[in-house]
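Asks: Sharing the feature lines straight out of TrEMBL:
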- C:6-29: transmembrane segment (TRANSMEM)
- C:36-56: transmembrane segment (TRANSMEM)
- C:62-85: transmembrane segment (TRANSMEM)
- C:97-122: transmembrane segment (TRANSMEM)
- C:142-162: transmembrane segment (TRANSMEM)
- C:191-214: transmembrane segment (TRANSMEM)
- C:226-256: transmembrane segment (TRANSMEM)
- C:277-296: transmembrane segment (TRANSMEM)
Amino acid sequence: MTRPVLELKELNKSFGALHVTKNVSLAVNPGECHAVIGPNGAGKTTLIGQICGALPSSSGDVVFDGENVNGLSVANRALRGLGRSFQITAILPAFSVLENVALGVQAKAGHSYRFFKPAARDRDLNAKAEHCLDLVGLSGRAGVRAGDLSHGEKRVLELAIALAGEPKLLLLDEPMAGAGPDETARLVEVLSDLKRQTPMLLVEHDMDAVFKLADRISVLVYGEIIASGSVEEIRGNPAVREAYLGTEEGV
Amino acid sequence: MNGIREIMRSRAVPVILFTVLALVPVYAAVFDDRFLMLFATRILILAIAALSLDFILGLGAMVSFGHAAFIGLGAYAVGILAYHDIWAAWISFPAAILVCALFAAITGAISLKTRGVYFIMITLAFGQMAYYTATSLSAYGGDDGLTMWGRSEFLGTGLFENDTAFYCLVLAILLAAYVFLKVLAASRFGRVLKGAKQSEARLQAIGIDPFGYRLAAYVIAGSIAGIAGALLANQAEFVSPAYMSWHRSGELIVMVVLGGLGYLHGAILGAIAYLVFEEVLSHYTQHWRLIFGPLLILVVLYARGGILGAIKGKSS
Amino acid sequence: MSATLLAVQALNGLQLGVLLFLIAAGLTLVFGVMDFINLAHGVQYMLGAYLAVAMYQVTGTFWGALILGLVLSLVCGLALEFLIFRHLYDRDHLDQVLATFGVIIFVNEAVKVIWGAAPLALPGPALFDGSIQLMENLKYPVYRLALIGSGLAVAVLLYVLVTRTRIGMLVRAGATNPDMVAALGVNIRRLFMIVFGFGTMLAGFAGIMAAPILSVEPGMGDNLLILAFVVIVIGGIGSIRGAFIAALLIGLVDTLGRSMATDIARLLLPPSAANDVGPAIASMLIYILMAGVLFFRPSGLFPVGRS
């Protein structure tokens, strides 16, 4: 039995009287894509905040790569290999595509307190950045200003930036949000290539994409995991159908 | 081809700018124009300060409204040492830098913990603190300021005494500061600063906490503004709390924005434009501010790119 | 230091605190609701004083000057809002800072042109002439007590407005979550105009009330504006309660600090050094206080939870 990359143990979060995350426990194993689905307001955003370190948990543990990371900041968790994409794309629009990724490489390398060598002509940074762009199929757009990319390309760029940090886990917050059908198809393709190397925790609304990518699915409703299992088990679970699929089917 | 053109275009303005500045003493010598020499020296000194402000404001989006405090601290370091009969530039200039770096490190560490309007108000408040502290230094002239009966000395060369030599010294320091900051901006460090301006969340997510980088930039900018202050004390042979009034800080921001934010040489252009404009306008009326105030509002509302924005807009 | 002197300084501090509160109250609401930084707010304070002096010349009474001065302050404030500020709400802070800085430059100069650079005076109302015997050896001018009283009355009025009325509720909600208020179908622009106009009047009121005891001169609002910023930072942006407490705190600390610092420094230093160091420390005191508060409470003493 291999050790999980990420393990949430009895995680809770309350804002005053509002109990948003209730005893959430789940694990992401090497080589797997674990999807978390749930209707709007299920507490997915809060859960992601707790995992990446933006929100302190009220109780419970986040164990990443065998280490309890509860007290660590967002930046520290990222350096330990927690790569992420945002629900609302967060790229650096004024930088070129290559520079966006090169900054990720630079962050991973650690020493950004380098004052004199021009970063744009740094071969090490650029070579690694180009490799990451290659992985997601964005090499052809390296010189483009990131803000000028199409929406779908921006989402792919986010993945490349995350990959530059050589992540041990990708935390993907609705990567398909706002993407058209073609773009979604491309993203699914890129992600299914990636998941062989990098395990993922995928939070997503697009059920087709989830069923294509996920090895395991957990269903979050009102901050609680009401079911967890393989794609088939979740599809067949009547409680899930009622709580989630039933309400979302028309969407 | 395009790349070369791009470089030519991006380098053309600063190259022309510094060439013209280097020719000013020649012109002044030919036409025996002492006023021009003195005026140009003052412009370049303030350009150094504006340049340092652009480094944090333009590149790092830190709207510091207390930058004049560093000019004042640098000036007071030189003035107070001179008061105690220490005239050697190799003592007073490092002292000015040190004082400013220290002040920047302490106030920066507090104000950079905050964002947005908080940051603006806090830098403004710390600037005002420096101002009031200077006015209460009764031993060093208090409100009235401190007259220096001479200028700094550099190994007995009289570098500071001769108007033309002093201008050249100031220009050399401006050029050095410009190149230094340009190199920093292009480095890994500069990339982090520019990235943090665009999306702090993204930087956190790749594992960079921008705080330390911003603080380092703040200290660097403060130190350079301190050099400008040390030069200003020598130029005016006078040190006054008025150097750090918050109107001065506001004027520095105006210079930076007027020139074009984030290009560094834009700040130099802005300083020249602002001070020449003030000089010309105040010839016509002592109430030139009646014209300048509304003009500034119009620039903000309708001409955000500044001078460099206008140049760029034409060429592309 | 005698108890009498201490009492006088405490009253002076209270008076400064009240003035600061009147200026900071409008400013903090404008920040809170619109995230708009208005450097020209100090100008409103100055305009209040000047307009009152002008209206005194017309009406010949303090009360006429007060009422007409308030009305004209409001008119000036709304004119500035209409002509300039409303074009800045969607801009970044840097633009707001620059444009309102332009307003300061213009108005300070315009005041000089119209009324001259020399300080003017506004006679106080005859009703509050003279002094009151508060303690043995302590007489305090009635007008100053009236100023403190009127400031406290405004504070109570504001508190009632903000906590008990519909507008107040919207203002509080707007400071916490402006998008939500807009989504509720409230005309946020109109709400802001009301808040802004109100803030302008408060600043003008402060200027008018200060005119009989301070000299009326160009730039008189600039330094008070920065003190008001310190108040807002300490109190927490958008919080009336925070502004009130912080204003009194700053007023007292600054005034008492200035009167006592030299004496305290003398306990530790030789007299000549103490005479130099004391005032320097005193003038830094409120900024050190601000730094201290920020260190422990980065969003001020009474943060308004903006999500």
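Cβ atoms are placed via backbone N, Cα and C, with glycine included.
Remember, TrEMBL labels are computer predictions, not curated facts.
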Asks: Below 8 Å between Cβ atoms, which of the listed ranges C:62-85, C:97-122, C:191-214, C:277-296 makes the most pairs with the transmembrane segment (C:6-29)?
Replies: C:191-214
Asks: State, in range form, which of C:62-85, C:97-122, C:142-162, C:191-214, C:277-296 has the highest count of Cβ pairs under 8 Å to the transmembrane segment (C:226-256).
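Replies: That would be C:277-296.
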Asks: Suppose I define contact as three or more CB-CB distances under 8 A, residues 6 or more apart in sequence; do the transmembrane segment (C:62-85) and the transmembrane segment (C:191-214) meet it?
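Replies: Yes; at least 3 Cβ pairs under 8 Å.
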Asks: Select the range from C:97-122, C:191-214, C:277-296 that forms the most Cβ-Cβ pairs under 8 Å with the transmembrane segment (C:142-162).
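Replies: Answer is C:191-214, with the largest number of Cβ pairs below 8 Å.
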